[in-house]
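Notes follow once the structure below has been shown.
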Amino acid sequence: MSLLLEPSHKQIKEEKLYQQMGLSDEEFALIESIIGRLPNYTETGIFSVMWSEHCSYKNSKPVLSKFPTKGEHVLQGPGEGAGIVDIGDNQAVVFKIESHNHPSAIEPYQGAATGVGGIIRDVFSMGARPIAVLNSLRFGELTSPRVKYLFEEVVAGIAGYGNCIGIPTVGGEVHFDQSYEGNPLVNAMCVGLINHEDIKKGQAKGVGNTVMYVGAKTGRDGIHGATFASEEFSDESEEKRSAVQVGDPFMEKLLLEACLEVIKNDALVGIQDMGAAGLTSSSAEMASKAGSGIEMNLDLIPQRETGMSAYEMMLSESQERMLLVIEKGREQEIIDIFEKYDLEAVSVGHVTDDKMLRLLHQGEVVCELPVDALAEEAPVYHKPSSEPAYYREFLETKVEAPAITDAAQTLKQLLQQPTIASKEWVYDQYDYMVRTNTVVAPGSDAGVLRIRGTKKALAMTTDCNARYLYLDPEVGGKIAVAEAARNIVCSGARPLAVTDNLNFGNPEKPEIFWQIEKSADGISEACRTLSTPVIGGNVSLYNESNGTAIYPTPVIGMVGLVEDTAHITTKSFQQAGDVIFVIGETKEEFAGSELQKMTEGRIYGKAPEIDLDVELARQEALLAAIQNGLVQSAHDVSEGGLGVALAESTFGTDGLGADIQIDLDSEASLFSETQSRFVVTVKPEHREAFAAAVKDAKEVGTVTNDGVFTVKNQEGQQWIHAAVNELERAWKGAIPCLLKSEA
C-alpha cells in the first residue's frame, strides 16, 4: 500500500481501522494519550504488532512473573534472544523454544521450516554456535487426510530446513489427539554452545553508532505475522497465507557463519534477529533495552519488491535478517566480513539519545514514537479466571481399572497408538548425525551431544502430556517438568534449566485463563523443587479452531549436563543376565492414560498424583547410581505405563528379551501411568549396591537372550508372553501403516 492510498489519521480513528490490526478501542485511546496525537497508518501498525500478545505478553505477563528465573548457574534469564546457563570451563549452553503454530496450520511446510530458522537465529544472535534442534509437535488423530497432510508437511519442513543448514535434529516428541484437529502445534527448540567472552546482547548502545541491516532483502511476506499469531483460527485464516514467511536455509547458513565471525569483532555493539514484527521489534527492543533511540532511513532498506511502503517494510517478517549496531567509523570492517559470505550489509541509521524510534521514508518523517511505549508499556491485562465445571466433576469421578482379558494384545495395541508408537518415520527424515557430536540419537529418553575437547556432554528433551493438564492443569504442569527432568536423568545428566512454550486457547475465556494460571503454578513449584529455573520461552495463545480450544499444552524444553561421557545411559537393555529394577510403586491411576483413551475413546477423572519431593529424591538417587557406574540402562515410565516402558527397553537390542515377575493389583496396572517411576537394569554383581543406594527400587526380573517378553504376577500366573520382534514390528510399523491407509 503506497503512502497515497493509506488511510488518514482521522479515518483510522473514525472507521476504527485499528481494530483490523488487533488493537482495541481502549488501546488506541491509550496510544493517542501516550504520543499526544493521533498515530498515522504506519505508527498504528507498529503499535499493533508491538502490543500484540505475541510480542508484548500482555495477557500472560502476570502469569510469567510466577516462574523462578534465577539460579546459581544462570548467566542470562528471560528478556534476550535466548537464555544462557554456565556449564563450567568458561563454557555456557544457550537455549530457547518458540512456537510457529498458526503459520504451520495454514502453510505447514514453510510454517515449520521458518519456525526452525527463527529459533536458530535467536541462539546465534547471542553469540552461540547452534549445535542441536529439537521439536514438540501436536496433531489431530492420524486418521483424517487433513491431519496426515499437516503431519507429513510439518516434518518435511523441519527436515528440509535443519538438514540444509547442517544442525542435527536430535530429539523431540509427537502427540496425536482430537483437540489439535484444527490447530496443530509446532514448537521448535534450539541449543547452542558459547564461550563466556562471546556472549552478545540485543542492545543499541552508543549515541551516533551505526544501525546496520544484514541478510535477506525485505519482501511483503509475513506482514502482521505477530498479530496473526495472536488471534483464533477461523475460516478466514486460510486467506492469511501472506502472513506465513518463506525460509531459505542456505542463506541462513551463510548468515550464521558470518554473524559468528562478526561477534568476535569488538566493533559489534549489539545484534538481534528480526523475528516476530521484523524491523519494528528488533529496532524498538534494542533501543529500549539500552535506554537509547534509533533513527532509520527506510529508503536504504534492501527490498526485493518494488513500491514497498514504510508500513510494509516495518511489519514484514521476511526471514534470514539481522539488525546490528556497529561502532561508528568501523562499518567497513563488518561489511567486509558479510561480503566474504556474499551477504548484503547496509548502514540504515544510527543510535540517538532521545529514546524515539524515528523513521524517514521518501524525505518525510513517517514515524516518531517513544521506544519504551512500544517495547515496555503495552497494557497488561489481569484476565478473569474461573474453574471450568468439568474440573470438579473429574476430581470426584472414580476411574475403575479397565477390564483386560488379554494383556499381550493390549500391550500390542498400546504400542501401535500413534503417540506411543516409534517415531522413526519422523526422525529418519532428519539428519541427526551431522557434525558427528550426537552420542544418543532420537528414540531414547533424551538426545545427547558430546562437547568436543572435554569429557562432558549435553542431554536435551521436550516434554508435556497435555491430557494430564486438561484433567488438572496444576498437577499436569508439575508432571511436565518432572518428566522432562526424568528423561534428562535417565540419560546420565543433571538437569540445568528450562525453556517453556505455553500453548493455550483464548485467554479472554475465564476457564482458559484459569488453565494458564494453574499450569504456571504447577510448573513454578516443580522448577523450584527440582532446581531448574526458567531461562526463557514463548507464549502461544488463541490456539482455538471454530471456538474449540486445544488441551492446555505448556511444553517443557530442558537441558542437562553429563559430567563425564562414561555416564551416558540409554533406555535399551544391554546384556542378558542383567537384573531389572523398577523404581517407585505402581498405583491404579488410569485417568488421562493412553489405556483410558484407547479403551474408552475419551479421558476423564482425577489426574495421576505427583509428590515433587519424592520425585527429586528418586532422580537424585538414580543419577548418583549412574555416576557411580552401577546402571546399565534407564528409562522413565510415561505413556502406556510399565508394560510399555519394559517392552520399549527390549527394542533395538538384537535378540534380548525380558523375564518379569511383578507384584501388581491387576493386569491393567501394567498400563497405569503412576508418576515418578523408572525402569533400570544393573549387572548382577551390582544388584546389592544398587538396591542399597536406591531405596524405592524393587527387583522385578532379568534380561534374557531368547527374544521373548514375558510378564507374570507374584503368583506366577502368566500375563504376557510375546516375541520381542513381533511387538517391535507393531510399534515401528504403526505410523507408516496409518499414513498409507485410506481414511
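Cβ atoms here come from the backbone N, Cα and C positions, even for glycine.
Over in Swiss-Prot, the protein carries these features:
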ACT_SITE  His54  active site
BINDING   Tyr57, Lys96, Asp500, Gly537  ATP binding site
BINDING   Glu98, Asn538  Mg(2+) 1 binding site
BINDING   Ser99, His100, Asn101, His102, Arg121, Gln245, Glu317, Ser318, Gln319, Ser540  substrate binding site
ACT_SITE  His100  active site, proton acceptor
BINDING   Asp122, Asp273  Mg(2+) 2 binding site
Query raised in the report: Which whole-number value in Å describes the distance between the Cα atoms of Lys96 (ATP binding site) and Gln319 (substrate binding site)?
Result: 18
**Report entry** Glu317 (substrate binding site): tally of other CB atoms within 10 A of its CB
**Finding:** 30
**Report entry** Additional residues surrounding ATP, by Cβ distance to the Tyr57, Lys96, Asp500, Gly537 centre under 8 Å
**Finding:** Leu64, Pro78, Ile97, Glu98, Thr499, Asn501, Leu502, Val534, Gly536, Asn538, Val539
Query raised in the report: Looking only at Ser99, Asn101, Asn538, which of these binding-site residues has the biggest number of Cβ atoms within 10 Å around its Cβ?
Result: Ser99
Query - Under 8 Å by Cβ from Tyr57 (ATP binding site), counting only residues of that chain that are 6 or more apart - result: Leu64, Val539
Query raised in the report: Rounded to the nearest angstrom, how far is the Cα of Asp122 (Mg(2+) 2 binding site) from the Cα of Ser99 (substrate binding site)?
Result: 13
Query - Residues near Glu98 (Mg(2+) 1 binding site) in space but at least six apart in sequence (CB under 8 A) - result: Gly115, Gly118, Ile119, Asp122, Asn187, Ala188, Met189, Asn501, Asn538
Requested in this report: Provide, as an integer number of angstrom, the distance between the C-alpha atoms of His100 (active site, proton acceptor) and the residue listed as 'active site'.
Outcome: 11
Requested in this report: Report, in whole Å, the straight Cα-to-Cα distance of Asp500 (ATP binding site) from Asp273 (Mg(2+) 2 binding site).
Outcome: 20
Report task. Could you measure between Gly537 (ATP binding site) and Arg121 (substrate binding site) for me? Cα positions, answer in whole angstrom. Result -> 15
Requested in this report: State, in Å as a whole number, the widest CA to CA span among the ATP-binding residues Tyr57, Lys96, Asp500, Gly537 given in the record.
Outcome: 16
Query raised in the report: If you draw a 10 Å sphere around the Cβ of the residue listed as 'active site, proton acceptor', how many other Cβ atoms fall inside it, taking every protein chain shown into account?
Result: 32
